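Undergrad: My structure is below; once you've seen it, I'll send some questions.
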Amino acid sequence: MSIVAKETIEVIAQSIGINNLSDDAALSLAPDVEYRMREIMQEAIQCMRHSRRTILTTDDVDGALNLRNVEPVYGFTSGGPLQFKRAIGHRDLFYIDDRDVDLKEVIEAPLPKAPLDTGVACHWLAIEGVQPAIPENAPVGVIAAPSNGNTHEQKDELPVDIRLPVKHVLSRELQLYFDKITELTLRKSDSALFKEALVSLATDSGLHPLVPYFTFFVADEVSRGLNDYSLLFALMRIVWSLLQNPHIHIEPYLHQLMPSVVTCLVSKKLGNRIADNHWELRDFTAKLVALICKRFGHVYNTLQTRLTKTLLNALLDPKRALTQHYGAIQGLAALGPNVVRLLILPNLEPYLRLLEPELLLEKQKNEMKRYEAWRVYGALLRAAGQGIYERLKIFPPLPSPPGHTIWKSKEKVVTAVPNKRKASMEPLEDEPALKKIATDGPIGSLALVTTLAPSGQNDAGQPSSSEKKTANRVGKDGQTLKKSAILNQIWKDDLNSGHTLVTLLELLGEGILSFIPSPEISATAAIVCALLSKAIDLKL
Amino acid sequence: MENMQAVNNFVAAYLKKKGFKEAEQLLEDLQNKDSAPIDFHNDPELAKFIHHFSQSEDDVARYQDGYSKLRSWTYSSLDLYKHELLRVLYPVFIHSFMDMVAKGHLQEARTFFNNFREDHELMHSRDLQKLEGVLSQSHLEEMEFARSLRQSKVNIKICQYSYDLLLQYLHKTQSTAMLGVINEHINFQVSSGQPSSISDDAEVVTLIGSCQDTANQINQKEIHWGLLEDSLEERLEKAGGLLSDSEKTEEENKEGDGDETKKRSVESGKQGASTKKLKKEKALNATAKSARPEASTTPAAPRVKAKLPLPLMYIQSTEVEQSILEDLRNRVQLSSVLLPSVSFYTFLNTHNGLNCSSISHDGSLVAGGFSDSSLKVWDMAKLGQQGGSSILQAENDSTSSEHVVGPNGGKRSYTLFQGHSGPVHSATFSPLGDFILSSSADTTIRLWSTKLNANLVCYKGHNYPVWDVQFSPVGHYFASASHDRTARIWSMDRIQPLRIMAGHLSDVDCVQWHANCNYIATGSSDKTVRLWDVQNGECVRIFIGHRSMILSLAMSPDGRYMASGDEDGMIMMWDISSGRCITPLMGHSSCVWTVAFSCEGSLLASGSADCTVKLWDVTTSAKVPRNEEKSGNPNRLRLLKTLATKSTPVYSVQFSRRNLLFAAGALSKNL
């Protein structure tokens, strides 16, 4: 009948030392207990209201007990919220876990940090009825938010009708700001002032009303100024800064921004001078695209798929320029190793076949074209490498010791070729920074190796060594093909990644090895080397 | 004769059951004597009635049955009369429940209650919460709310036709249980003609302990709501006339006054040294001044004499008077097209301990009352100086919180007043800002001096926590409201209260002075607002209409209107002279902690637990003649603007004399 069960009364009675409480007594006590409890809680609500709160606390209950001249319940006021625990074996019996605390521990414990003292901060909530856009104020809703729509006769704002295009008034300050920024972007994008402007764009909280203007500006200028490299770069920086700004909701404008951003990534021609380092712009834009996907991918779940589709189309279309391919590869690579694994790696082989003629001196006479091809090759290598690196990093280090021993024992037997390979491997094993390896490592060992093995010659920025490398690679393919069978058996625990690695090895040569994570590298490299040597032994 | 015997037995059994020992005795005596037995034969109706009565004792289910039938009948009645008939349901519901409890059928009573409580949850949730706990007869007697319900009758206005319908239904269905409840507890005020409109609902449904008649009677009393004679505003109006004649030279001279510049430096300090702002105000003021003659042509508020001896100190200090006059001259005339600027004081790191906040009239001092019994006062002008125009910076960078505490190092940025021994529930500044009063759960009120930073007086008188204390508009006098259900008037120089206002049926939660100091208004948990005559301590108005506890009160500067905010987020505008609600202002979704009128009474600002400050247009209502109120659309008073804070419930709002709006609240992240 009462929400307080008879059993509860009995338990309470026992807890205060009354063991022989009759059933009847418990039954008739229960409703009264409930009544008193409700009464106290109502008083507590009263106390809560007078403390200007909307959440009831233990203090309020104590206050209510005080009002009735009842001694408050001690021991509940300090500390966090109380947690009831369910008694084991009972479905609806709960208790508060009240642990014994060793006084010594409490005394010896370092003093907790003193709570911050109360202070008062002052800001303008509104100036003549208009809320200024400052961090202290709640962010003004997305433009044409209904909250604004309901207030009539607001200064120079029409009553908002949903069907009408929303009239939206920019303050004078914001207009000036916008003009200034656009002028800087168009004229002096390399000045220090522009850098300041970017910082302001990334941090200022009052810029939200300008976002549609900026998106339009960016879209407009990108479509007009594809020949102006510095302008494009400046525009992309603006987009980057806007994305960084935590006070801006840029989502509604993404659909306007994305085309221009993607344009800057995979356009055939960016800038009209040879000196324009459009590669850098593409790299930057790729990072930008990745950032957008990371931030808004979960809100717009079609965003990434649409983007990758666009990029993949660009990549797989043989008619497109190499620069476009480069942009597509960079874009996909920036989206993460999974994208690389799913989209680039399967297409690697046919694409390389396509790319190969462009790389060779004898087939592609145009120096510029060949350089571009090598750029693409480098990007591809890096993408694949990163993909496989991330993949391998997930797996626990393989039991490597046997590999080492094999390697060591075989060392004596092995012929010169694998020996040299190992020499080139050794510096790599200890290098933690992978990117560094990609550029520095091989070059350092270049002197040692060039004559015999091309090894980690993945810095495609040096077309001078290209001939040698490709020549060697072709020769090596025969070797690696045989090895793959053996490798497959070894990588039983992870066929998939092992397989990919092998395929990559086949396709890209040893350049890929430098991307294998360092803890892995010893093991993998050891195994590969051992196998190589074995194969060679067999051959011999 | 056998029949006769049966009747006698019935009667005896009934009397025994009811515990009417004397009557039982008497009956027995009568029977023993057997002289002239009561002749029941001639009165079969009576026998039937008695029969019914004894039967009903056993048959509690009839309540449930009767009520559910009445309910479905009401809901299926014609729309025109439906809302009138619906009003009957709630009193019938609670009284049926209490009848059942009184007869000891607790289990049935509870199921009955739970079955039908949904219907009334919207309007009466707090009452239902209270009644829900009633589980035995003794509770009914003990609980004051239930007792007052039992003792009083509910007044329900109903049109003739609805009344007839209801009676017809009750007679036709023979539901005597319902008929009994209705007869016993409802007092119908039958009016001829059309059924009343739905909008009158609020007024009618509220159940109060005291009889509505007395409320009506009280509300007949005469009230002089006019402003004080010879007030500063009046003098300014006269002076304003002079001023326009003697041109602005005089005004400009005055600006050169040292006293004036000092005043301004204080204000500019807190306004973030925005001289631009001040200039703007001035510019607006020029336009306002031109508009003023028009305003004065409309019938000005009548003047009344103060019934209290006014403090001389306040009136005679010319220096103070000058600065106030200056403020009044520079006042921005707010209206629906010219909204005020709002300066918001956010309390940081309060650790859920801030109970109240108060802002002095010029906004330079901010006080906070804490649950750890302390009262802390911040001098915003000083704060500005120390931080090197920290307010401006606070506007630009987000590190304002560190700014307040940071530069002072270990030193506190506030003045700490300690003396109370319980949570401080309210604080109020004297009009000139030189005194603070604080009220606490330790049942005392303390007077502090902001000049000396010391406690001056401790006023003891209340027996329970003092929820609210307010200085009168002229200072010196103050009023307090307490859990002991009284409001008291005090003067600063006496430690005993001057008047005790008793009459509320529950806690007095808030108190406010009328602009002419002759009345105080109190808001209570019994959902009424009362107006008391300060001179004789009598209740002169009862305002009925709120559906939950009243948390805040404000009086319009012309003394004619009053606004009250309640727990549900409703604000009601009252016409003091008629005692009627002009219109409810709906918009807040949670407790309205504070309301304030702008200085010329055209705007109402309200602060709420839903983290917003709302501005309401109240000028339109003032112009509409009262006789139109009934037919007029209820949305005459409209919401002008909602100003949302980030996560700060608004504890207090206050217009400065220049109509700058100050608001304060404690930042609370876990809302």
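Cβ coordinates come from backbone N, Cα and C, glycine included.
Straight from TrEMBL, here's the annotation block:
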type: COMPBIAS; residues: B:255-267; note: compositional bias 'Basic and acidic residues'
type: DOMAIN; residues: B:58-186; note: domain 'TFIID subunit TAF5 NTD2'
type: REGION; residues: B:240-302; note: region 'Disordered'
type: REPEAT; residues: B:347-380; note: repeat 'WD'
type: REPEAT; residues: B:417-449; note: repeat 'WD'
type: REPEAT; residues: B:459-500; note: repeat 'WD'
type: REPEAT; residues: B:501-542; note: repeat 'WD'
type: REPEAT; residues: B:543-584; note: repeat 'WD'
type: REPEAT; residues: B:585-626; note: repeat 'WD'
Undergrad: With Cβ-Cβ distances below 8 Å as the criterion, list the same-chain residues six or more beyond the ends of the repeat 'WD' (B:347-380) that contact it, or say none.
TA: 263, 266-267, 269-270, 327, 401, 404, 413-429, 431-433, 436, 438, 440, 442, 448, 450, 651-652, 654, 656-657, 660, 662, 664-668
Undergrad: Below 8 angstroms Cβ to Cβ, which residues of this chain, lying six or more residues outside the repeat 'WD' (B:417-449), approach it?
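TA: Same-chain residues near the repeat 'WD' (B:417-449) but 6 or more away: 314, 320, 355-362, 364-365, 367-377, 455-460, 462-471, 473-475, 478, 480, 482, 490, 492.
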Undergrad: Please give the sequence-distant neighbours of the repeat 'WD' (B:501-542): residues at least 6 beyond its ends with Cβ less than 8 Å from one of its Cβ atoms.
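TA: Those are 144, 148, 206, 208-210, 215, 218-219, 221, 223-228, 304, 306-308, 310, 467-474, 477, 479-483, 485-489, 548-559, 562, 564, 566, 574, 576, 579, in sequence order.
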Undergrad: When DSSP states are grouped into helix, strand and coil, how many residues of the repeat 'WD' (B:543-584) land in each?
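TA: Split into helix, strand and coil, the repeat 'WD' (B:543-584) gives 0 helix, 24 strand, 18 coil.
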Undergrad: Over the repeat 'WD' (B:459-500), what is the model's mean pLDDT?
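TA: Its mean pLDDT is 93.
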